[in-house]
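Annotation comment: TrEMBL describes A:6-25, A:62-80, A:86-103, A:124-142, A:148-174, A:195-215, A:221-245, A:257-279, A:299-319 as transmembrane segment.
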Amino acid sequence: MNDAHWLPIIFVGLTGLAVVVYAILDGYDLGVGILLPMDSPAEPHRDTMIASIGPFWDANETWLVLAIGLILIAFPAAHSVILTNLYLPVAVMLIGLIMRGVAFDFRAKAAIDHKLAWDRCFKFGSLLTTFSQGYMLGMYVMGFQTHWMSQLFAILSAFGVTAAYSYIGGAWLIMKTEGALQEKAVRWTRNSGRATFAGVIAVSVVNPLVNPGVFNRWFDFPLVMFVLLIPALCFFAFIFNDILLARLPKAKDRHCWLPFVMVIGIFVLCFSALAFSFFPDIVPGQMTIWEAASAPKSLMFILWGAIVVIPVILMYTALSYKIFHGKATELHYH
Amino acid sequence: MLDTLMLSRMQFAANISFHILFPTITIALCWFVFFFKLRFDQTDNPVWMRAYRFWVKVLALTFAIGVVSGITMSFQFGTNWPGFMETVGNVAGPLLGYEVLTAFFLEATFLGIMLFGMHRVPSKVHTFSALMVAVGTTLSAFWILALNSWMQTPSGYTMIDGVVHVVSWWDVIFNPSFPYRLAHMLVASGLTAAFFVAGISAYRILKGDTKKAPRLALKAGLVIAAILAPTQALLGDFHGLNTLQHQPQKVAAMEAVWHTEKSAPLLLFAIPDEENKTNHFEIGIPGLASLILTHDIDGEIKGLTEFGDNHPPVKPVFYGFRIMVGMGMLMWCVAWFGCYQVRGQREASPFALKLISWMTFSGWVATLAGWYVTETGRQPWLVTDVLLTADAVTSTPASHVGLSLAMYLIVYAFLLWAYIHTLRLMARKSVTVEEFETQSPTGDSTLSPTTISGNSRPVNQGANL
């Protein structure tokens, strides 16, 4: 085993970690944006919802920069192929990210009569971002083919990701809010959970059918007995969560954190399944991690830094969540 | 003429120009805000807290636009300049990676604590968070300027099969132009933020604000600008000497020197003529360019004709340089005049206040002009002597690039308007309303109410101000 062999494996692992952490963290704050109720009596609810993600959204988006940065650092050839193929959806996503990021701050500072407009901007930006991310995921899985079947699949994936982010966003709100808003959040979470469930099943059926490599990977006896644990666990997590949500909120707000944890579990499982489908390809069907990797010396240089710095990042991230633990109604700006 | 290359260059210029406006303010504004908070901790004087409260809001807004426009930058390399990462990815990747790991997470996380956590952590922890945000932004500048300087004056590498491989990371990071560029940019940020703070404070006073906080901020901004303006002139001179040594063609374009000459004049004005390789309507001070650049009145400056086609377009570099230096000089004068006006406990005259408020965004003009000089001055190279800009561009159809460029331009124009409009609104609001709490947990305070889960409290305004 030499450096050129194992370094790309470590880096694809780190990239995967960054992607899944991004999907969870920015997933919940994009989800909160998507769920924003726009009728005027709901304004206090909007304030609380946005306050619940206030201290976190900036750091959450940084995981996207880290993920794209890791691909850029470790697999520059793949970075070029992926981003050149996804040119327009990336541009749309960036516009969405810009809109929601600035709306977040402008809404608090603009004249009162502009606040609603910025809230719309926040919701629309969140939707645009989520939808283009889902579309890109679909295109990536289809190996960037452009015929109508893959376009259709990508659009299906866009709806799936939108449902999934609403799911985790709703679960976040159950944990961070109380009263009428929490009851609303329980309903949102339940509905979007069912939509996510449908989406995951659709993708799981279509993906192995259109990608023969994926089919062989999954249905390879005897491995199949073991790997089918992933969809099985995922299935039970969905069902369990649905039953749990029917009973929330409970007295003394017991288990208000549990749906969020369950959804994190579902995200991790779905991501593992995707990773298992394509490893060691970094661009499905086109390029392996070894073909795309940078020079070992460069990877070594950044790896040492990552080993030192990432635990520190995790520590102060945990500190931040500890400081802002509790219901979002308690959050003041500045 | 608008092919993919030209459109991609325009898009990169649009993105980076829009982006740099905000970090240029925040890199130094973070230190201002930290300073206000620290002074409050030390003195318990509520005026410092009021200054903090106003400026931290401005910081939050500016920071947010900087963050989201920065995300755009991290995608540009892949979408429009795939050749860049394929050729120099071994250098650029780790430097960008260290920026994300050591700076982005730090500033983003502690910004959250700083903006929302004032009543949740002890005051000292809060002040520490403000410090971490400032450290984060400065570290970010460190890494990105290391990469930019390496593109200008690459060192510590070797070429294997057309791809850059690193020989020494120390030489890559501390390449010849890096210390000068970093210092020049950090001071530029300091000057920009100083005028920004002074300008908006002057605007508040002009609009009838009688409170102490804007006067305090005005003075702080002016004093810092008065110190930094001459410092910047000195640093700029060092940077120029360094550029003459490593990128003589850039200096030749800055001074529009077509033919190698001794005792070159400092051109105050001219219209460079690229075709005939000469200048029209020259107004210059004899020998001064040689004196400034070589510290010898008879010093020789290499002319553009010696570099064949391997030199940047002259006009943008020549004019950009004059705009930067001119604006710098103006800032120097205004800063000293302003300091003289507010000496002791004196109130600045309405004329001075107007002048200072007109100069609120003067740092933007100088900074942008400076970056146009140095980036255009590197052309036709993307990485000097390693990679031509034209060789790095994407194969994406021009129509796609045109479409994305149009979208960005519309969004940026709107955001710039909204930003300035909102700043004005915030300044005006602060004139009439004492909207800010002046109390915060003081030094020795315990954790203010944080253990809150369970007990229900009235829903309040959340993210409202």
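Every residue, even glycine, has its Cβ placed from backbone N, Cα and C.
No curator has checked TrEMBL annotations; they are predicted automatically.
Counting Cβ pairs under 8 Å that are 6 or more residues apart, the transmembrane segment (A:195-215) and the transmembrane segment (A:124-142) reach 3 or more and are in contact.
Between the transmembrane segment (A:62-80) and the stretches A:6-25, A:86-103, A:124-142, A:148-174, A:221-245, Cβ pairs under 8 Å are most numerous for A:6-25.
Count of Cβ pairs under 8 Å against the transmembrane segment (A:86-103): among A:6-25, A:124-142, A:148-174, the largest is for A:124-142. Most Cβ pairs under 8 Å with the transmembrane segment (A:299-319) belong to A:6-25, among the candidate stretches A:6-25, A:124-142, A:148-174. Among A:6-25, A:124-142, A:221-245, A:124-142 has the largest number of CB pairs under 8 A with the transmembrane segment (A:148-174). Only residues 6 or more beyond the boundaries of the transmembrane segment (A:6-25), in the same chain, are considered here, and those with a CB under 8 A from a CB of the stretch are 56, 59-60, 63-64, 66-67, 70-71, 73-75, 168, 264, 267-268, 271, 275, 279-280, 282, 289-290, 292-293, 296, 299-300, 303, 306. Under 8 Å from some Cβ of the transmembrane segment (A:124-142) lie the Cβ atoms of residues 30-34, 36, 82, 85-86, 89-90, 92-93, 95-101, 103, 150, 153-162, 165, 203, 207, 210-211, 274, 278, 283-284, all in the same chain and six or more residues away from its ends.
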